[in-house]
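Chemist: Questions regarding the structure given below will be posed in turn.
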Amino acid sequence: MTPSELRRLCLIIRVFLAYGLDELIPLMRITLPLRIGRRCLFWMRNRHGDKPLGERLRLALQTLGPVWIKFGQMLSTRRDLFAPAIADQLALLQDRVAPFDGALARRQIEASLGGPLEQWFDDFDSQALASASIAQVHTATLRENGREVVLKVIRPDIQPIIRADVRLMYRLAGWVPKLLPDGRRLRPREVVREYEKTLLDELNLLREAANAIQLRRNFDASPMLYIPEVFSDYCRESVLVMERIYGVPVSDIAALRAQNTNMKLLAERGVQVFFTQVFRDSFFHADMHPGNIFVSYEHPQDPQYIGIDCGIVGSLNKADKRYLAENFIAFFNRDYRKVAELHVDSGWVPPDTNIEEFEFAIRTVCEPIFEKPLDQISFGHVLLNLFNTARRFNMEVQPQLVLLQKTLLYVEGLGRQLYPQLDLWTTAKPFLENWLHDQVGLPALMRALKAKAPYWSEKLPELPELLYDSLQQQRRLQHSMDSMTHRLGQQGSRQGRARYLFGIGATLLLSGTILTMVNIALWPIGLYVAGGVIWLAGWRYTR
């Protein structure tokens, strides 16, 4: 451990003790060295004992800085790791930090583009429009056409900080199984690895640019969602240039009502956008918190969302989409047996899982929820309860499902904030039923044939030759099998004779030994000779 890492570790320990987070460690896990170490640091008392544990954890992460704040935000989506009260507190973490100097941002952009800023942009505002832990945003206009744009710039000093803190997180993750009784099941190293991947993705703005381009193409000319245009010629790994948008923050309910927005339609469109991304496109915006969503000023009675910050996206493969849709439909119908079977068929839980026990566990958790009116049931929390129950049956953590569940909670919470009477189930069920019908009906078959048509048109001229080669290969294989069967039969016959002769030879040799022991003079010699000859004959059959 380097001196800087040691200093950082000491700071982390001091902050954790100042907020009383040693309470997270059960007394039975506090070994003698830990007790001695804690007593040596007697002056580092819990200075926030009047606050609940979840709030203290949130405040400690805020004190440690942006890297730990983002880590806490990610942990808030992993509700299998913490009690609900702690997870709810972690969800309150805000990724807001003071902006760095605009002159430094200018130098960073010029270094990335390889020239003075005025070569490409006019009216660059050195005052940041928005600032977060990884990057900040400045406004400008394109010199070539005068279009208003925003420039997102990675913080110049963030990478070494991230690398140092992530290394420490890995070290701390190694302690978790020793300190917490359920530490191994929580797989702390995998949690840190998942977070590291998310951070690295966010540090590469070319990846975010590609994600935004894909989402924009998926919703081209859609009345539901608008993604700003990316200007790829000016994008680099540490700089992103895209169209500047104007809209009402989706969390500003008063402003939305003031412009007479159709709140019911807006809430329903949020649900439709989510399910369209997941099931039609297999590519969904996985960071849809209110800070990244706006509503267009235009056509408030036909409202349109505007999405920004596409650094984190998720995707599902075809099998996952099908199983997830069938799971949702089974939930709508309260068919818990079907839900249990789908989890096994999909490979999400081990194949030897007891279906009856799994079905009973799902029913126990979910049935009380469905006794409520539909507009009071949280789709996201049903999914959360299902995944937590499945983990008791050794369900492997599915990163794509964790992202999906987090996004669904965002979408549902946002929809209920806009329109409290939102019935997400009624909105989603027809969409899912139509999607499943499209996957198994005649249109799906025709689409599959059309997709494979170029491949088969290329292979069709080769088909007679391939068929002839296959028949010849089958004939040669059959001949080889016949020869092998014949040889095995002969070998089996020879081995049978050999075993027979070995048995006779062994019997004669044993008889000779017994006669020698009872002092009969002549017979043993003859038996030894005969037994030896027969044994040698049997040995020759084995060759």
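Think of each number as a place in line: the chain as shown, counted from 1.
Every residue, even glycine, has its Cβ placed from backbone N, Cα and C.
Among the features that Swiss-Prot reports, active site, proton acceptor is placed at Asp287, with the record citing sequence analysis. As annotated by Swiss-Prot, ATP binding site applies to Leu129, Ala130, Ser131, Ala132, Ser133, Ile134, Ala135, Gln136, Val137, Lys152. Taken from Swiss-Prot, the feature domain 'Protein kinase' covers 123-501, and the record attributes it to sequence analysis. According to Swiss-Prot, the transmembrane segment annotation covers 517-537, on the basis of sequence analysis.
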Chemist: How big is the gap, in Å, between the Cα of Val137 (ATP binding site) and that of the residue listed as 'active site, proton acceptor', rounded to a whole number?
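Modeler: Val137 (ATP binding site) to the residue listed as 'active site, proton acceptor', Cα-Cα distance: 17 Å.
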Chemist: Among the binding-site residues Ser131, Ser133, whose Cβ has the fewest other Cβ atoms within 10 Å?
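Modeler: Checked Ser131, Ser133; of these binding-site residues, fewest Cβ neighbours within 10 Å: Ser131.
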Chemist: Compute all pairwise C-alpha distances among Leu129, Ala130, Ser131, Ala132, Ser133, Ile134, Ala135, Gln136, Val137, Lys152, the residues listed as binding ATP, and give the largest one in whole angstrom.
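Modeler: Largest Cα to Cα distance for the ATP-binding set is 14 Å.
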Chemist: Would you mind reading off the Cα separation of Leu129 (ATP binding site) from the residue listed as 'active site, proton acceptor', to the nearest angstrom?
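Modeler: Cα of Leu129 (ATP binding site) to Cα of the residue listed as 'active site, proton acceptor' measures 20 Å after rounding.
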Chemist: Test of understanding: give the count of other CB atoms lying within 10 angstroms of the CB of Asp287 (active site, proton acceptor).
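Modeler: That number is 22.
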Chemist: Sort out for me which one of Leu129, Ala135 has the most neighbouring CB atoms within 10 A, since those are the binding-site residues we care about.
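Modeler: It comes out as Ala135.
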Chemist: For Val137 (ATP binding site), what is the tally of other C-beta atoms lying within 10 angstroms of its C-beta?
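Modeler: There are 21 of them.
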Chemist: Take the mean position of the Cβ atoms of Leu129, Ala130, Ser131, Ala132, Ser133, Ile134, Ala135, Gln136, Val137, Lys152, the recorded ATP site. Which other residues of that chain put their Cβ within 8 Å of it?
Modeler: Pro99, Ala128, Val153
Chemist: Roughly how many Å separate the Cα of Asp287 (active site, proton acceptor) from that of Ser133 (ATP binding site), to the nearest whole number?
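Modeler: Each residue's Cα considered, Asp287 (active site, proton acceptor) and Ser133 (ATP binding site) end up 15 Å apart.
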